[in-house]
Amino acid sequence: SCMKAAPMKEVGVRGQGSLAYPGLRTQGNLETLSGPNDATRGLTSLADTFEHVIEELLDEQQAIQPSKENKDADLYSTRVMLSSQVPLEPPLLFLLEEYKNYLDAANMSXRVRRHSDPARRGELSVCDSTSEWVTAAEKKTAVDMSGATVTVLEKVPVPKGQLKQYFYETKCSSKGYAKEGCRGIDKRYWNSQCRTTQSFVRALTMDNKKRVGWRFIRIDTSC
């Protein structure tokens, strides 16, 4: 599946409607620069700033993740969110993990990593996928680790009321190239098929005996 860039880190600055990033000037844009050399330097500075922000966010992620001694550590999942409304963006920690996995796999210097990004080289994924937030009301049921079908509860009680469970699911796209098999496979010699794969996440569920509890359930996570 294609990797998405994590959003920039927002910081407070003076001025109306201003959104700034560490080390980046908040006034002017690339169109107002004096010449092509300045534009090139501006783009390079922006790329360096982006990578610097990502590294800061990754460091913060390690700090906020629950430790092994925490009794609630097994409830941690990047694809599950408790919220009063539908999340507008993919989960930040999920994006950071994908970016970190890419950097670890690349095992290259920062500048080489940036220029080797598949998105920069115009590469395409083998299978096209789509990702979206799904509510428990839409899922209704799921399969747990024991193979039993359980009911996914729509709301989770919290001290100040209730929050809805949302799941960030990724599955193969029903449109386009996926119907013709995997991209890049020679169809003269090989048959291929894009399939949605699943992973386990922790969710509040109820079994057929009306017992409510946190269980690992399967959701669509990749193509």
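A Cβ is built for glycine as well, from the same backbone N, Cα and C atoms used for every other residue.
The annotation signal peptide is assigned in Swiss-Prot to 1-5 on the grounds of sequence analysis. Sequence annotations record features per position, and here Swiss-Prot assigns N-linked glycosylation site to ASN107. Residues or ranges marked as disulfide bond in Swiss-Prot (evidence: similarity to another entry): CYS127-CYS194, CYS172-CYS223.
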Taking the Cβ of CYS194 (disulfide bond) as the centre, count every other Cβ atom within 10 Å, in any protein chain shown. 20
CYS127 (disulfide bond) to CYS172 (disulfide bond) - Cα separation in whole Å: 7
Cβ atoms near CYS223 (disulfide bond) (within 10 Å, other residues, all chains): 22
What's the number of neighbouring CB atoms sitting within 10 A of the CB on CYS127 (disulfide bond)? 22
State the three-class DSSP label for CYS194 (disulfide bond), counting H, G and I as helix, E and B as strand, and everything else as coil. coil
Can you tell me how many other Cβ atoms are located within 10 Å of the Cβ belonging to CYS172 (disulfide bond)? 20
